[in-house]
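Undergrad: Got a structure here, written out as structure tokens. Questions coming.
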Amino acid sequence: MKVPFLQLLCLNAALASANVVQGAAQGFAAGVTGGGDITPSYPKTNEELVSLLESDEPQVVVLTKTFDFIGTEGTTTEDGCAPWGTGKSCQLAINSNGWCGKNPVVTITYDNAAKNGIHIKSNKTLVGEGDKGVLSGKGLYFEGGVSNIIVQNIKITNLNPGFVWGGDAFTFFGADLIWIDHCETSLTGRQHYVTGFHPNTRMTWSNNFLNGVTTHSAGCDDHHYWTMELVGPGDEITFQNNYVYHTTGRGPALSGTTLFHAVNSVWSSIPGHAIEGGDKGRGLFEGCFFEDVVEIAPAKPENQLFSASEANAASCKSALGRACQANGYSKSGAFGSSETGFFKDFAGLTIAPAGSATDALAYVPKNCGIGRLESCDA
């Protein structure tokens, strides 16, 4: 029996953490509980918020306003560079780890807070109330083996968008059992999502809006380039019902030995390319829709990619226990990759359900991101 798309999104809507989390993670992060059923805390100041998230105790934290970190840690003026020129909409770059190389030197001033994310600890739930939960000028950092964390219905924005290396929204550097749901990321200096050089396992990123509309970019226009840099050894990511919009690259850069299951996600308005990466990255894309994407992936990608179609959908049974849903396209480049050698790597992982690509296109852009949790209440 074919399950309606909305029902797929809401299969576990009755399960909640302390009555503030809606739904439950599907895919690789199934079973995550975050802070559990303890009494929620409602921080009023930046200091209270950071203290709660960086504490060693389980916490359920509810955001009811914008927490503005811009200017709270001062600014830095130093030599940076102009890899793409100094035009009004061109990103400049911070010389992190000598990245600038021989590019033209320019003097830059950037905000320090955005470069140093909040180091969230294990057993945490962070949820925004309505559309009010915003982190401005500060991202979230998951490292050192932290686990069992839920982040739902928040927005992260204003991370030095004029400067490469200015700030990442979500950084994962050795984390496990993480669910990022109904979040919006925008105006980042660098990546919306980045995984580092330690394994990041059992992660589900779902119903998120990766908003690439920006003030400065590597293309000197309003399309953000640095979207998702996935380079961890053994990363496991379910990418479900997300909307990647108005970007030009690294959507994702699928490298390391990342295992990436993209299901019912939508890529739209991308004049550059979407998928790139190194030779050991592994990605299965099913039930996804590509709308106005000039290049979805290289014709001969370095990484291992499988794009589901009506012709090859049945071959997914060995990996997913079911046939795949075919991807859909409108005014986009070809995506004919059909590598199946990595399918055995799905063994033991929880697989997200999938609906059709056309249903994803109709539903996901209108219902992803902050302030749209009520979709499952009907």
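Cβ atoms are placed via backbone N, Cα and C, with glycine included.
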Undergrad: According to Swiss-Prot, the disulfide involving Cys220 connects it to which residue among Cys81, Cys90, Cys368?
TA: Cys90
Undergrad: Between the disulfide-bonded residues Cys81, Cys100, Cys324, which lies closest to Cys220 (disulfide bond), Cα to Cα?
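TA: For Cys220 (disulfide bond), the spatially nearest of the disulfide-bonded residues is Cys81.
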Undergrad: To the nearest Å, how far is the Cα of Cys81 (disulfide bond) from the Cα of Arg250 (active site)?
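TA: Cα-Cα distance, Cys81 (disulfide bond) to Arg250 (active site): 21 Å.
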Undergrad: Would you find the one among the disulfide-bonded residues Cys81, Cys90, Cys220, Cys316 whose Cβ has the most company, meaning other Cβ atoms within 10 Å?
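TA: By the 10 Å Cβ neighbour count, Cys316 comes out on top.
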Undergrad: Does DSSP put Cys324 (disulfide bond) in a helix, in a strand, or in coil?
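TA: Going by the DSSP assignment, Cys324 (disulfide bond) belongs to neither helix nor strand, so it counts as coil.
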